Structures are given as C-alpha cells and as structure tokens.
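One structure below.
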Amino acid sequence: MERLVIRMPFCHLSTYSLVWVMAAVVLCTAQVQVVTQDEREQLYTPASLKCSLQNAQEALIVTWQKKKAVSPENMVTFSENHGVVIQPAYKDKINIAQLGLQNSTITFWNITLEDEGCYMCLFNTFGFGKISGTACLTVYVQPIVSLHYKFSEDHLNTTCSATARPAPMVFWKVPRSGIENSTVTLSHPNGTTSVTSILHIKDPKNQVGKEAICQVLHLGTVTDFKQTVNKGYWFSVPLLLSIVSLVTLLVLISILLYWKRHRNQDREP
C-alpha cells in the first residue's frame, strides 16, 4: 500500500517572510516620489517653483494648485493635447516656464504678499492616479533703516528704526555704562514690521566725534549702520539760556543809554 507523503518545507516561515518582504519592496518601488523645493523671494520680483516626478511613470496632465483654507484652487494645467491652460484669476500673473510631464516649473512675474503660501503640483499618471508634491513660497522685504540722533539738556537720544518682512531685530554696538535702551515694535497692514530702538545716553559730551553703530539682523544677516555724532549739534540748555539773557540785557542797556542820550539833548537850550 502506497502512502502519500506530503513534505512541508522546513523553512516555510522564512519563505513566507521573504515573499512579504519582496512584495513590500516592489510596493515601495512602485510608489512615485515627487521632489519639490521651497523658495524665498523678495517682494515685487519674479519667483519660480519646481516639481519633479522622480519615477519613470507616464504622466498625462500636470496641474498646479494653491492651497487654501477651504479647498485647493486650480491655477494652471499642462497636457500634450491642450497645452498650457491658465485659470482667469491667474492670467498675466503666472505661466508654466518648463513644459513637461515629468518636470514642471511655474513662474510668478511679480510676486506680491498675496502670493505667499504653499502650492501643490499634481501629476495625473496612468495606473497610479494623481501623485502630488508641495512647494511653499515665502515673500520677504529688505530692511529700510533710518539712524539719527538728538541732543537734549543732559542726555543724547539715538534712534535706529528698521522696517522689513519678516520682522527685523535691532541691536546697538555701544558701551554698556550710562546707557538705557527702549524698543517699540509696530506691525503695518502691508505685512512689514517696524522695530524702533532708542538709546538714552546720559553723558552726551563723551559721544561727540564717536560713531553710533546700529546692527540690524534680518534673515540671518547682520548689517551695521553707522553715524558719527557731530558736536555741532550739541548744546547746553543752561548755557543757551545764559547767552540769551546776556544778549537781552545788552539790548536793554543799549536802548536805555540811547534814550538817556536823546533826553539830555532835548533838555539843552
């Protein structure tokens, strides 16, 4: 009598594990990767955002959308059949600078604060559906800096103001002794921020001929702004009052002498 013997592989668990690993590798390999890069550009200059489909998948249409609170907003599409199609709200504002179904670049002609945000590029591929990537655009404004000083009776006020986006930071390069500092921050409707720092120096005479150095930090870069304190602008209030009083007294004496002289002349026969 024959017996049917079924031999099970000794390493069946390892074989099954290997199958699962291979399936996972195939699945991961099949996943399409989209490479993007965030950009930071200056206000009122051109800007570009790029998207690249890394895997050799067949894309049929490329769509760019702007992310918004409710739902993404279509901006522009590109396909071989229809070419570039720009939505009315974005005409004369953007264009697709790189025409391709694997690599796509949109260009803003002149960015404004409204253009700041994140954008999605969607590759509509055959067999894998829509594969998307996200690139974000940040808008900045270079600092506009003013530096001036003013003498008063017993102290010197030096003011440094910087307006930029994002908000700048203002420092002073001065000795620590006898100096007080106050800072005011003001946000503007156009998205910029003004930071004003005022130095109160108690011994103004010692600052004559020296430089007032204001340091502005913006986007990781520190810039020095210098101004030499001119003694021609310095005066002492008590000294000024003394001079004015002396001049007034001399004028009164002159008037009195002139009046007496003419009075004596009138009395002579």
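Glycine too: its Cβ is placed from the backbone N, Cα and C atoms.
Candidates considered were C11, C28, C51, C214; the recorded disulfide partner of C121 in Swiss-Prot is C51. For C160, the disulfide partner recorded in Swiss-Prot among C11, C28, C214 is C214. The secondary structure of N110 (N-linked glycosylation site), as reduced to three states from DSSP, is coil rather than helix or strand. C160 (disulfide bond) carries a strand DSSP state (E or B). For the pair formed by N157 (N-linked glycosylation site) and C136 (disulfide bond), distance between Cα atoms is given as 42 Å, rounded to the nearest Å. It is 6 Å from the Cα atom of N103 (N-linked glycosylation site) to that of C51 (disulfide bond). Here N181 (N-linked glycosylation site) comes close to W172, S197, I198, L199, H200: these same-chain residues lie at least six apart in sequence, with C-beta atoms under 8 angstroms from its C-beta.
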